[in-house]
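Each remark here refers to the structure printed beneath this line.
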């Protein structure tokens, strides 16, 4: 399932590579109390240091980063879900 989602995400977001991360447990950087998979489309030069993507993952769910003004709207997420759903039917 992860590979299927990854293929769609890479094409849709015009990535040239992917970072796939599972953070299971606090020592692995897990901040949400369930196991989930991060599928991140990547492009050359998107981070100055390639592994900085993991620093960004850790910051993503921190309380100071989790603010409504940083969230996407329901409409944006719904539109994206509708677009991506077409690839899985």
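In case you wondered, yes, glycine gets a Cβ from its N, Cα and C as well.
TrEMBL assigns the feature region 'Disordered' to one of the listed ranges (8-48, 49-89), namely 49-89. Within its own chain, the region 'Disordered' (49-89) is flanked in space by residues 4, 8-9, 12, 19, 21, 23, 29, 31-32, 38, 40, 42, which lie at least six positions past its ends and keep a Cβ under 8 Å from the stretch.
For the region 'Disordered' (49-89), the DSSP counts in helix, strand and coil order read 27 helix, 0 strand, 14 coil.
Across the motif 'Histidine triad motif' (34-38), the model assigns an average pLDDT of 86. DSSP assignment over the motif 'Histidine triad motif' (34-38) gives 0 helix, 2 strand, 3 coil.
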